[in-house]
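All remarks here apply to the structure that follows.
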Amino acid sequence: MTEQPLIFRNIAVMRRAVAQWRAAGEAVALIPTMGALHAGHISLIKASRENARRAIVSIFVNPTQFAPNEDFSAYPRTFEADLAKLAEAGCDGCFAPMASEMYPEGFSTKILPGGPALAGLEDRFRPDHFAGMAQVVAKLLNQSQADCAFFGEKDFQQLAVIRRMAADLDIPTAIFGVPTLREPDGLAMSSRNVYLSAQERAQAVTLSRVLRDSAKAIRAGAPVVDVVARAGREITAAGFALDYFEARQAQSLAPIAGLAEGPIRLLVAARLGRTRLIDNWPVE
Ligand code: PAF
């Protein structure tokens, strides 16, 4: 029988368990999530095994990172199914706080991330998103006292913001990025994929295909500006409303015109019906 993870509803109980594990010489990894777990999340737990004996997955749909027009109330909440997946993956703990535990009466501190949070990508379309995301991630890292934390590369700008914040605020937790897990046709796994109709699901594969082909073309010497323009046209022709398709310096996320300026990451965000999809690809 698979063992159930310990369920922590409050910070003090989680911290006690973490202190015991660490006292026994066991490193602890935190995998922050908003639930609706899929194989991509499970790959984060697996990746954490290389660095930590214990894994805690947090499940909290964080209200402060959603704009009023976004999908906070519709966001999939599948706690029982999530727990079964965590048990199957051998996860040790699940931190699932109520909103009142995270943001008690009187809570009033904000984080204003700069640097990669202002790169002109997601921040152009979701202006307050990274402030809310950084706020909850800073809290989760502090609450858990984890030795290391694992995040998917699918949210590439998010990962850059978290790395910057952890460095700037002297948060001792080591931050790791894990490559995106994809469906067999290439679509990046995401909790929001459940919103796609059958027709949209078939169209959605365009994003990863265009990213892959564009990376190949840049590697083969095509001018970045031409490749990016063509990619935008292809994505629009496939029925998406394109928010952006950009080539950026992989670490700083600064605009980049060619491979001579350093490693390139291609990043895209586009909407299909009511679903907004993001993805990215390295040029290597
Ligand atoms: O990537 C996510 O699921 C969320 O932004 C995170 C990091 C769990 C913070 O709420």
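Cβ coordinates are placed from backbone N, Cα and C, and glycine is handled just like the others.
Here's what TrEMBL has on this protein:
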- 34-41, 152-155, Leu181, 189-192: ATP binding site (BINDING)
- His41: active site, proton donor (ACT_SITE)
- Gln65, Gln158: (R)-pantoate binding site (BINDING)
- Gln65: beta-alanine binding site (BINDING)
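Shown on the structure are the features that TrEMBL records.
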residue : record                    : Cβ neighbours (10 Å)
Met34   : ATP binding site          : 19
Leu37   : ATP binding site          : 26
Gly40   : ATP binding site          : 21
His41   : active site, proton donor : 26
Gln65   : (R)-pantoate binding site : 21
Glu153  : ATP binding site          : 18
Gln158  : (R)-pantoate binding site : 23
Leu181  : ATP binding site          : 18
Ser191  : ATP binding site          : 18
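Proximity to ligand 1 (Cβ under 6 Å from any of its atoms) holds for these recorded positions out of Met34, Leu37, Gly40, His41, Leu181, Ser191: Met34.
Geometry remark: Gly40 (ATP binding site) versus Gln158 ((R)-pantoate binding site), CA distance 16 Å. Per Cα geometry, His41 is the residue among the recorded positions His41, Gln65, Gln158 nearest to Leu181 (ATP binding site). Calculated from their C-alpha atoms, the gap between the residue listed as 'active site, proton donor' and Ser191 (ATP binding site) amounts to 10 Å.
Taking the C-alpha positions, the distance from Leu37 (ATP binding site) to Gln65 ((R)-pantoate binding site) comes to 19 Å. Rounded to a whole value, the Cα-Cα separation of Gln158 ((R)-pantoate binding site) and Ser191 (ATP binding site) is 16 Å.
Glu153 (ATP binding site) carries neither a helix nor a strand DSSP state and counts as coil. Gln65 ((R)-pantoate binding site) is 11 Å away from Met34 (ATP binding site) when you measure Cα to Cα.
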